[in-house]
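Novice: Handing you a structure now.
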Amino acid sequence: KDWGTLTFTEEEAVFGARVHEDPWVDFDLKELVVLPREIDLNEWLASNTTTFFNLINLQYSTISEFCTGETCQAMTACNTIYYWYDEKGKKTKCTAPQYVDFVMSLCQKLVTDEEIFPTKYGKEFPNSFESLVKKICRYLFHVLAHLYWAHFKETVALDLQGHLNTLYAHFIVFIREFNLVDPKETCIMDDLSEILCSPAPQPAPTPSAPASTSSPSAQNHVTER
């Protein structure tokens with residue numbers, strides 16, 4: 001059956017099965033994100049934020065040909081519609097590829113700005129640095145959420161779901177560690193986060209079919225952000 005004709009229950013079953021079939025990591029991801037001793041917090045945030053921007057941009061590029069103005073007429077995840085707000089605060093509804101382009105362009109502009117993400121020794125970070133990191137991470141979360149809700153089928157077809165799962169889990173553990181994204185923003189993905197951010201399950205003593213796992217819970221109404 002074509003993915004587009006699946007009922008939500010059927011889609012959940014397929015989604016959950018693929019998550020269980022593709023283990024993410026067999027160690028505690030928190031070890032990768034905790035602030036190392038003698039490392040400046042802002043330096044650590046800058047390094048990780050830049051890395052996540054590059055990795056999420058790369059992950060999106062693998063399915064970008066499937067994310068078009070026709071297939072994704074709005075930037076959505078679950079029943080949430082994301083609107084773009086320009087520098088003047090003007091709210092704009094745009095297609096998903098337009099939204100992602102806005103996100104990546106903004107992130108690129110910020111992480112390459114020496115006044116915001118300084119790379120020279122002794123140069124101070126601006127007072128607005130933490131708020132800008134939070135802004136970047138919030139937007140990057142939107143891209144990851146859209147990848148799962150709109151393009152998981154294509155990701156599986158390319159056999160890249162393992163990469164996506166690992167990237168998502170690493171990112172979620174990072175933003176939780178430093179409180180970078182409001183939980184109200186990420187709650188639409190809580191079910192998936194619980195699965196992927198928990199320690200890898202130990203092998204069962206006897207073979208058994210994968211447990212049915214729900215994808216992020218559906219909402220009964222459309223949320224606009």
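One-based numbering along the chain as shown.
Glycine is treated like the rest: Cβ placed from N, Cα and C.
Given the structure is predicted, the values throughout are model-derived calculations rather than measurements.
Heads up, here are the entries from TrEMBL:
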BINDING   Cys67, Cys72, His146, His151  Zn(2+) binding site
REGION    199-225  region 'Disordered'
COMPBIAS  209-219  compositional bias 'Low complexity'
Novice: Return the residues near Cys72 (Zn(2+) binding site), defined as same-chain residues 6+ apart in sequence whose C-beta is under 8 angstroms from its C-beta, sorted by sequence, else 'none'.
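Specialist: For Cys72 (Zn(2+) binding site), the qualifying residues are Thr95, Ala96, Pro97, His146, Ala150.
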Novice: Reduced to three states, what secondary structure does DSSP give His151 (Zn(2+) binding site)?
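Specialist: Going by the DSSP assignment, His151 (Zn(2+) binding site) falls within a helical segment, counted as helix.
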Novice: List, in sequence order, the residues of the same chain other than Cys67, Cys72, His146, His151 whose Cβ lies within 8 Å of the centroid of the Cβ atoms of the recorded Zn(2+) site.
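Specialist: Near the Zn(2+) site, beyond Cys67, Cys72, His146, His151, sit Ile63, Phe66, Thr71, Ala96, Pro97, Val100, Leu147, Ala150.
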Novice: Same chain only, sequence gap of 6 or more: which residues have a CB within under 8 Å of the CB of Cys67 (Zn(2+) binding site)?
Specialist: Tyr60, Ala96, Pro97, Val100, His146, Ala150, His151
Novice: DSSP on Cys72 (Zn(2+) binding site), three-state: which is it?
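Specialist: Looking at the DSSP assignment, Cys72 (Zn(2+) binding site) belongs to neither helix nor strand, so coil.
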Novice: For His146 (Zn(2+) binding site), what is the secondary structure by DSSP, using just helix, strand and coil?
Specialist: helix
